[in-house]
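Below is one structure, written out as structure tokens; comments come after it.
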Amino acid sequence: MDAGQWLVNNRYRMEAVHYKRNHLDVVTNIDQQNEARITERIKAAFPDHQIISEESQFGHTNYSSLDEDYYCWIVDPLDGTVNYVHDFTYYCVSIGVAKKGKLVAGVVYDPNRKELFSAVQGKGAYLNGKRIRVSERSIKQSVGHTGYTAADWSTDSPLRFEFSKCYARLRNIKIAGSAGLDLAYTACGRIDAFWQRSLSPWDIAAGILLVSEAGGRITDFSGQAFDLQQGNIVATNQVIHEKITELLMGGTRDA
């Protein structure tokens, strides 16, 4: 929680916005400084554990660590950087822990709402210490979150067709800008589904365990077992999962 509150306290100390791959993929000095704070604490407490982190200055991005016989921390020091830059308060700190490729613990902290989502494998998911469950809403009652950028929105983009098909069946779809919070909101039943392509492990590691432990379902777009290193994710309340994946794959089943 300290890492999240640090983000809020230092919001107006942001010095610069840098671009990684392109103008849509941004990083700030705050991302980097918070990553350093988090990873230093992990190393101090667990010197033998591995760390995978988004900015990779203090951890690394070698995904093979996820499959090894030791604990691997998967850290996103600021999930929702664009929102943070624009002072839109939908961002979080997301930290997952894996062993032998299996997620064993995860936390997502929303510092603006003081909400700590947490899960341990086999022990359920919680929001500020209270047990949470996914919703039971049907597809016509459901709200979904996803993530696209302007670059994805070309006339012939398959993402555009995915959005259109789902929008016609769900109550609403939003692009909120933080996969960690999108998954946490799916876990606690505020929304009913989240899907997105090409995500990195740090974007979703903690949230995956939250949804799973809250009774939800997670697969890839085709409905097959989800691979953390592959990054195409569909997470739902289970009730609507097959209908969502069919829509995403181009199906036309009535809902």
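Placement of Cβ uses the backbone N, Cα and C atoms for every residue, glycine included.
Note: TrEMBL annotation is automatic and uncurated.
The Mg(2+) binding site annotation in TrEMBL covers Glu54, Asp76, Leu78, Asp79, Asp203.
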Note to self: Same chain, not part of Glu54, Asp76, Leu78, Asp79, Asp203: whose C-beta falls within 8 angstroms of the C-beta centre of the Mg(2+) site? Give them in sequence order.
What the structure shows: Asp31, Val75, Pro77, Gly80, Thr81, Val93, Ser94, Ala179, Gly180, Trp202
Margin query: Quick check: in three-state DSSP terms, what is Leu78 (Mg(2+) binding site)?
Written below: strand
Item checked: Residue among binding-site residues Glu54, Asp76 with least C-beta crowding, 10 angstrom cut-off -> Glu54
Check: Taking each of the binding-site residues Asp79, Asp203 in turn and counting other Cβ atoms within 10 Å of its Cβ, which one has the fewest?
Finding: Asp203
